[in-house]
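Working notes, structure below.
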Amino acid sequence: MKKYFITAISTDSGKTLVSAILTNALQADYWKPVQAGLEETDSNTIRTLLHSGHSIIHPEAYALKQAVSPHAAARNEGVEIVLAAIQLPDTNGNDLIIEGAGGVLVPLNDTDVVADLITQFDAEVILVSNLYLGSINHTLLTAQELKRRNIRVKGIVFNGPRNEESERIILKHTGYKVLLHVSPEEKITKEVVTAYAVKLFDNWYE
């Protein structure tokens with residue numbers, strides 16, 4: 001089983017869409033260990049975007065009511081997120097797509113952050129970067145932290161309108177491989193996810 005951890009440079013960068021694309025492409029299982037906000041969960045979004053019944057969507061280890069930072073959501077509910085209690089699900093040999101909460105330094109409790117969870121799982125990261133003013137800095141800071149922690153990175157997915165100069169300088173500084181460009185879409189559907197899943201393999205094995 002291969003484990004890919006989907007993280008991003010910020011919140012609302014496109015992690016769930018990219019997770020759906022990867023789950024589709026690899027016929028993998030999906031897991032969101034820590035969900036903050038229960039009105040529209042990422043697991044339910046993934047369910048609506050997959051054609052195949054091959055993938056299992058595993059239940060969250062922590063499902064917190066408020067859509068705020070996980071440490072705050074847990075604290076407000078009188079819960080403590082304990083990393084040792086978050087165990088990888090049994091995928092019966094399937095690859096596993098793990099979707100993080102926010103970015104790599106989002107706190108899970110008073111001492112642990114998302115990056116500690118990545119290390120615990122010994123997962124390979126796929127970084128999602130949506131391009132906006134300031135995103136170069138956010139992307140390079142994320143890459144620097146991943147490198148400092150010796151976390152393996154499979155590659156980067158750029159999400160949103162193309163910005164060739166921003167992409168060039170990010171790749172120059174990080175040495176990352178571009179796995180996929182995701183364009184703005186009027187509506188995200190199963191068909192859109194499937195189309196990107198096919199495109200993913202253009203760069204996946206290089």
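Placed from the backbone N, Cα and C atoms, the Cβ positions cover glycine too.
If you look up Swiss-Prot, you'll see K32 marked as active site, on the strength of sequence analysis. If you look up Swiss-Prot, you'll see D12, S13, G14, K15, T16, L17, E99, G100, A101, G102 marked as ATP binding site, on the strength of sequence analysis. The Mg(2+) binding site feature in Swiss-Prot is assigned to T16, E99; the stated evidence is sequence analysis.
Sorted by the number of other CB atoms within 10 A, the binding-site residues D12, E99 start with D12, the lowest. Long-range Cβ proximity for T16 (ATP binding site), meaning a same-chain Cβ under 8 A and a gap of 6 or more residues, is found for D42, T45, I46, E99. Within 10 Å of the residue listed as 'active site', as judged by C-alpha distances, the binding-site residues found are A101; the full candidate list was D12, G14, A101.
Using the Cβ center of D12, S13, G14, K15, T16, L17, E99, G100, A101, G102 for ATP, the list of other same-chain residues with Cβ within 8 Å runs, in sequence order, I6, T7, A8, T11, V18, S19, D42, V128. With a 10 A radius on its CB, A101 (ATP binding site) counts 27 other CB atoms from all the protein chains. All protein chains included, K32 (active site) registers 28 other Cβ atoms within 10 Å of its own Cβ. Following the DSSP three-state reduction, the secondary structure of E99 (ATP binding site) is strand.
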